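To start, the structure itself, in structure tokens.
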Amino acid sequence: RAHIVAQQRPTPSPPQKKKFTHISERLSLAAIKEVMELNLSPVSGRAESETPVISGPPILFQLHSPNSLSSTTPKSPFSLMSSPMKKAISSMQGYMEEVGHLTKLDPQDAWLPITESRSGNACYSAFHTLSSGIGFQALVLPLAFTALGWTWGIISLSLAFAWQLYTLWLLIQLHESVPGTRYSRYLQLSMAAFGEKLGKVLALFPTMYLSGGTCVTLIIIGGGTVKIFVQIVCGTACNVSPLSTVECYLVFTCSAVVLAQLPNLNSIAGVSLIGAITAVTYCTLIWVISLINGRPMGVSYGPLEPKSDVARLCTILNALGIIAFAFRGHNLVLEIQGTMPSTLKHPSRIPMWRGVKFSYLIIALCLFPLAIGGYWAYGNLIPANGGMLSALNKYHGHEASKVILGLTSLLVVINSLTSFQIYAMPVFDNLEFRYTSNMNRPCPQWLRAGFRVFFGCLAFFIAVALPFLPSLAGLIGGIALPVTLAYPCFIWTMIKKPQRYSSMWYLNWALGCLGMVLSILLIFGAIWTIVTLGMEVNFFKPA
């Protein structure tokens, strides 16, 4: 009977078909999304000779083919939609996959300097990573060898390099580990893994300390090198009175603040490129000049004999802290990756890891020759304050060409200026985040400039008040070590949740716990070394 009724029912006229097709093509985006959520697929098993189905809502229209009742029953009423609707769904699905529809966009991200521009690429990531990964901290690496010796110095440097490269890979994978969310700041990832309160306690101080403390140290190193550069260029021929150290700090700070007016992290990609080139150049120049000019008289390579076993242990721990400090910069990895576009088809982790691999190949080619060659050239004579740069001017200042020495000092100043920009960016971002969260609007240009001038003045004041800060490299390395070597392992286990007792579970828990224990030991060793061996502390009296 149903078959007879279906045959006698009048077939809709062509105008009706056109009308219904027009209605179906104008379905709302909400209906399309609903269809996509049901993960529909076309109905299978339908005969090719079947009468075309009228496009329209399935409740109002039925199939008018005689064999419609004997065909396979669809799993969902939406599967009766005809080709125009399916094409619309397919097009919308492809578009959403292309733009990355799973990512939840936070409007506030468009107001902040780190995520204001998302047009980065693998080259930009390589520039930023090189600029932040090579710097003044590499100049004190030979100092660690004076306590560790040849064998343990090379082993410790190699293990630290491999360890931090692994945790760097973890952070890159964790950037988009939760579907729909991009962790573009280290603090955000820490809060997602450990909870809001504990995450802030664990990550806020170390990351801000690394950013702010590094900027202060850059003012001290850069300003002091400005003074050395002026002395090399002028010598005794200058009739003007030489600049004081505070004046050199001020010149460097003013230059850094002017350069800091660039709006966002992507806009300083060219600055980071200049910083990377200058860092590679002066690192190469320093160890090559030191090797060519030979070793000074009285060089020895035996570890310094301490007064007690405890002093010996603390000296070794302080040396490990110096090596750990050389690899700081993990607090910037997520920020750099946050400047890249990301879609389901083209996730940001691919170009980010490509840029990081290239940059860390260059970093290894700079750090290892500088540490090994510097220790060979100066041995235990390496100065505790200034490292390789001070040794070069102290032992080869009269032998080497003034042009080479002046060029090396100028490159150090330029690199310090460029590194200041990328390390200060998280501080700028945090200041503007407080404003935009309270006011619910973008930060005005005049206020953004004011924030950056304020931070520059604060860093200058601390540099003048604590000019001995670079001598605390071991202590700073111990404080920053969890951010680099421990937290990424714990965060991976918290978010990724690897299978219990699997290889990744054992590896990350072991490295995380070892990193925390090592951090505590390094801090203790650095403090013990400062107390027992003493340190020239001169508040508000920069040399």
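Every residue gets a Cβ built from N, Cα and C, even glycine.
Copied over from TrEMBL, here are the features:
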type     : residues : note
DOMAIN   : 120-527  : domain 'Amino acid transporter transmembrane'
TRANSMEM : 150-172  : transmembrane segment
TRANSMEM : 201-222  : transmembrane segment
TRANSMEM : 228-259  : transmembrane segment
TRANSMEM : 271-290  : transmembrane segment
TRANSMEM : 358-378  : transmembrane segment
TRANSMEM : 403-428  : transmembrane segment
TRANSMEM : 449-469  : transmembrane segment
TRANSMEM : 475-495  : transmembrane segment
TRANSMEM : 507-531  : transmembrane segment
* Same-chain Cβ contacts of the transmembrane segment (449-469) under 8 Å, 6 or more residues past its ends? -> 212-213, 215-217, 219-220, 223, 245-246, 249-250, 253-254, 256-257, 260-261, 424, 427-428, 431-432, 443, 535-543
* **Residues from the same chain, set at least six apart from the ends of the transmembrane segment (475-495), whose C-beta lies under 8 A from its own** => 163-164, 167-168, 170-171, 173-174, 177-178, 186, 189-190, 192-194, 202-203, 206-207, 209-210, 213, 320-331, 504-505, 507-509, 511-516, 518-523, 525-527, 530
* Considering only Cβ pairs under 8 Å, which range in 150-172, 271-290, 403-428 makes the most contacts with the transmembrane segment (507-531)? -> 150-172
* Any chance the transmembrane segment (403-428) and the transmembrane segment (228-259) have 3 or more Cβ pairs under 8 A, given the pairs are 6 or more apart in sequence? -> yes
* Asked: In the same chain, which residue numbers or ranges, 6 or more beyond the ends of the transmembrane segment (228-259), come under 8 angstroms Cβ to Cβ?
  -> 218-220, 222, 271, 389, 393, 402, 405-406, 409-410, 413, 416-418, 420-421, 424, 452-453, 456-457, 459-460, 463-464, 467, 542-543
* **Cβ contacts the transmembrane segment (150-172)/the transmembrane segment (271-290), at least three under 8 Å, sequence gap 6 or more** => no
